[in-house]
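The following features are taken from Swiss-Prot:
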- 245: active site, charge relay system (ACT_SITE)
- 294: active site, charge relay system (ACT_SITE)
- 389: active site, charge relay system (ACT_SITE)
- 546: active site, charge relay system (ACT_SITE)
- 594: active site, charge relay system (ACT_SITE)
- 689: active site, charge relay system (ACT_SITE)
- 452-461: compositional bias 'Pro residues' (COMPBIAS)
- 462-476: compositional bias 'Low complexity' (COMPBIAS)
- 740-752: compositional bias 'Low complexity' (COMPBIAS)
- 792-808: compositional bias 'Low complexity' (COMPBIAS)
- 155-192: domain 'LDL-receptor class A' (DOMAIN)
- 205-438: domain 'Peptidase S1 1' (DOMAIN)
- 506-738: domain 'Peptidase S1 2' (DOMAIN)
- 830-1060: domain 'Peptidase S1 3' (DOMAIN)
- 3-31: topological domain 'Cytoplasmic' (TOPO_DOM)
- 53-1061: topological domain 'Extracellular' (TOPO_DOM)
- 32-52: transmembrane segment (TRANSMEM)
């Protein structure tokens, strides 16, 4: 009998970035193939939970995508679409299937295909726009009768939370979120934990930032014979969690002591306490060779006195989900550099990002187990190191509590690129940890408190092991508060930082330092500050539309470059407004579409005190719980109109939309976003309107998530701040910014556009910053972009001298009579172009990675020097991996010269996110052999090429967008576009180090694989000069998106200072 068609009901909850669970050993493995249109890379899909009621059978499936075939745009891993769309679609998809009997594999494949499509269409995603998935694999399939045991606590299916009364809660991470989900309240029963009274951005441990007293009150220094050896985390009054490998050699508890309540290794603070270790329990399955199950539980001889500086971190439930890309904190006293074996005196802190398990496993040769989790960044620079072992990896949840996600375990080197830190995954070992702590028969009521550390107090020792007194700096220790003999050591709030003053308000926030929020602007009417604004371009600010309900534009000025309302310090700038455009759908009654675009009367000159914030893509996701920064000069207290002289800042968490909608009686629209804390205390207030809600998406790079709009009161409990959601308004913003700036009409929308009676004073265009408002979507290289700094200076040699910077109007290599000479050739078209002949472009170089394949272009500018694009070397920065191929237009030729690259120098101001200063010098191991096939190009003078100049681009890149590489050098003629025209196509990304070339109608362009190649223009003398280096662009040959090139004239000084013959 054919089984009845199943009833497919996609469950509405979607959880981002959840890794695929590992199936039980009894599960079978089967592969099914399906074709699903979707826009995602290496996407992990979730659990199919099938409850077949008629047979009383429970079937679980685990599905994983394979064989993704991308469109050309998504092939660029450094594009905005790839970088932002991919994690946006990393979702756990739930399907509820009902059938009369188990399904066949063919039926499962059909259900899987339909279910995925239904779920993604439900999220409003276009399924056919970006690529095709060619196969899906069922990695697990387990079935059996649903027994009573399966429904008891700890046996809920999938990632469902198990209540003590056996209720299963399917909501992600319901424990300690300040909302009772279990009918017996057990999900909120043990939640004296995780509060963060103050938030500060973290630096690094390797080269890191110092932690403040009380900032990490769960951090412990484990001392082996008085020397700091490992870190540990407080999880209870008498219990610590650390790494098992810390005790490979020293397993006797008598050799160990714990120091808590101090950020100084010396324990010089009066808050420092110490306790002897009574017992060390390593996991029974710990493997010293593989570092699997690398966890240990330590029992202290005396309970710790919880207080302002000593608090436990929260243990997550076994079902707790820490999604990839979540920002978490590490801390420790480990080495600051891999090769600098000196530990810091002060506790170091860092922010790291959780990485996808499959990705990290591939980086480590698939040696990871399910008990491990990776955190860090692919480009390195931020990591734990030796001496940090056993310390905490803690993640803050929307409730404001910190949960222990991992224990510092191992890694290759410290902060190396593509070698993130590996941590013991606490959720997989939580049950064992609780088993150890609950099996102890020692009393939990303290008989005496651990002594505070003072100069006269010896370390606690056993009778068998006496040690001398400590030599801490003398301090006056206050008398500790007495503990009643019958009172257990109880945390005030587990995970709290009572010693840290939480930035309790821009209502009462903390002062920002100069340059900390360089995109913040103050809008003043006369001398009165009335609203904030945010810099998004050299001529553009964003603010709230309601700020201009009753404002005379001619009286408004924007003040920037300083944190002082009085204009003291920094680099203060005061500019008038040329126009204000309110969103055409702005509703002053409900404050929907509450955004305004302000055009400045003059362009800004960017510096370290004035910078734009990045605008997110429309598909950018700011996940619930993400910590973001608000800033402004608004009221410091509700009802108190006193404004601070110094800019205030605070950290707030993104709040789930449905929850916030319920708090505001469902009056929110999709153009609104909530941020703050349910308990209140942190909020924007009157006078902050129009200011930024900025989120740090990658280290040091902030994106504008919202604009301060409205709220009920200021910092009230359960009344968070409401912000205009930028992702929903981005299209209008860009359209408004791309209108003709010389127009005085209403060129872009029907919005209210106010024009002042006085015409603006025109000045020279200002510099564009090193961090712009948007990441270019397509680089011209075929290499993924990550950051790895390289040396940018050369040590002087006794036998050579540096070349002097050329005088204005001269050419660096004008002394080379044959530079820039080439046989005359027809200027045709690289995308849709024609092949170059032998010797036609003798300065063109192909850069080969590992001597296997062409990856980038380069240009010969001297006998042993090449110029290329800096982004070509973001991942592969070792010159030993590169070789230069010259003297032939054929990649498969055996005739050309192959030269080894000795050194790579990227411009010191190169910015990986904006591609500003995207240029690199390559020094060859030896001089090239000049001939009619190999000769350098001339470097230009300092002036810009004239608009409309006809120049040539060459390279072996793709012949069409998404196509294959050319095997013979291609050439194309393009027109140089004016800076104003270029900015109209790319309103916020263009800096003065960039120029555009191509045609408005498209059709002719450089493409992937051409990066680093030349944009060459012919002088009247017949010599060719290097005007630009191929850098980036949107797609290839698209209308209205010309190619963007690094302007060589803008970096002549740097080139001249570094090149020597």
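Placement of Cβ uses the backbone N, Cα and C atoms for every residue, glycine included.
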Under 8 Å by Cβ from residue 245 (active site, charge relay system), same chain, sequence gap 6 or more: 286, 288, 291, 294, 389, 409, 410
Chain-internal residues near residue 689 (active site, charge relay system), provided their CB is under 8 angstroms and they sit 6+ positions away: 531, 532, 543, 544, 546, 547, 634, 708, 709, 710
Under 8 Å by Cβ from residue 594 (active site, charge relay system), same chain, sequence gap 6 or more: 544, 545, 546, 583, 586, 671, 707, 709, 710, 724
Most crowded position, judged by CB atoms within 10 A, among 294, 389, 546 as active-site residues: 294
Local confidence of the prediction over the topological domain 'Extracellular' (53-1061), expressed as mean pLDDT: 72
Secondary-structure category, per DSSP, in which residue 389 (active site, charge relay system) falls: coil
Helix, strand and coil totals (DSSP H, G, I; E, B; other) for the domain 'LDL-receptor class A' (155-192): 3 helix, 4 strand, 31 coil
Helix, strand or coil at residue 689 (active site, charge relay system) [DSSP, three-state]: coil
